[in-house]
Amino acid sequence: MSVQNVVLFDTQPLTLMLGGKLSHINVAYQTYGTLNAEKNNAVLICHALTGDAEPYFDDGRDGWWQNFMGAGLALDTDRYFFISSNVLGGCKGTTGPSSINPQTGKPYGSQFPNIVVQDIVKVQKALLEHLGISHLKAIIGGSFGGMQANQWAIDYPDFMDNIVNLCSSIYFSAEAIGFNHVMRQAVINDPNFNGGDYYEGTPPDQGLSIARMLGMLTYRTDLQLAKAFGRATKSDGSFWGDYFQVESYLSYQGKKFLERFDANSYLHLLRALDMYDPSLGYENVKEALSRIKARYTLVSVTTDQLFKPIDLYKSKQLLEQSGVDLHFYEFPSDYGHDAFLVDYDQFEKRIRDGLAGN
């Protein structure tokens, strides 16, 4: 199945939360399973920072949730109709900094406006309206996708029955913002960045590659890296280069990332992570969270080095104090933050029960 596209906000522009407007927003999306006659089995999937609209492929390629989706699996395509779209600001089909600005005929680049999670959610809702879906059985997301799911429950509390938030907190921590700052600086200080207007020249590949290497360390655990590499060295490694195997692994991941992601999108989405505030547009966070009516599943991984257990505990407390019907689960995993993408045995029951409302 090839990704599908639709242009939204072509007659009325989207007003952004931090100011500015966007019109003629292309949205790349994909669907899986079959929408039943009652239209009560639809589930929205919200992807993480560098994800896209295709968590699953049926042609031998691996989607980012490939082993979780299919007939009888946690994301059961025999039972549910799944909708997944690339986020606003992304670079996998939905309008973002690398897209053509209809007013100039050139990529937006530095002219792309600042966006927040609330803007992303508005575009997702417009997509569902286009598809004729007025209610969802559930919304599920991990990491950055969990923030989107949380905001959905606040802004449109009657739109869904269940929320499944995996490895994501209500607020991003100071340490995590610090990691993102270093990653952004690696990109911004690349000589080829040119203020974000690099599309007619050489992209800031070195900076983006370095940023990705740092990001990968926050997604993994020390135990996982120790098991995989330890202090093993490369037979052909250079002293100041990839001398240790773990260094070679990170370099590979950094270079691989260049094949599929745009530096400006990375900057904008990292900042959207930092800026996420569920109370934006409301009196305070308690007022915002008190709007939630959905049954809410929140899953924490004790070895997560990005969204740490303390951050999830704080989120748990805020949600409970706001009267949310919260179901909280916590467990360890060698995979750390990325566990929600790969540790099927740990997540299968929580996802299955969360979607069904059990």
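Cβ atoms here come from the backbone N, Cα and C positions, even for glycine.
Applying an 8 A CB threshold to same-chain residues 6+ apart, the list for S143 (active site, nucleophile) reads A48, L49, L166, C167, S168, L306, F307, H337, F340. Taken from Swiss-Prot, the feature active site, nucleophile applies to S143.
If you look up Swiss-Prot, you'll see D304 (among others) marked as active site, on the strength of sequence analysis. In the three-state DSSP reading, D304 (active site) counts as coil. Sequence-distant neighbours of D304 (active site) (same chain, 6+ residues apart, CB-CB distance under 8 A): C167, L312, G336, H337, A339.
Marked as active site by Swiss-Prot on the basis of sequence analysis: H337 (among others).
Residues annotated as substrate binding site in Swiss-Prot: R212, D338. The 10 Å shell around the Cβ of R212 (substrate binding site) contains 22 further Cβ atoms across the protein chains shown.
Mean pLDDT for the domain 'AB hydrolase-1' (41-343) in this predicted model: 97. Look at Swiss-Prot and you will find 41-343 tagged as domain 'AB hydrolase-1'.
According to DSSP, S143 (active site, nucleophile) sits in a coil region rather than a helix or strand. Neighbour density for D338 (substrate binding site): within 10 A of its CB lie 22 other CB atoms from the protein chains shown.
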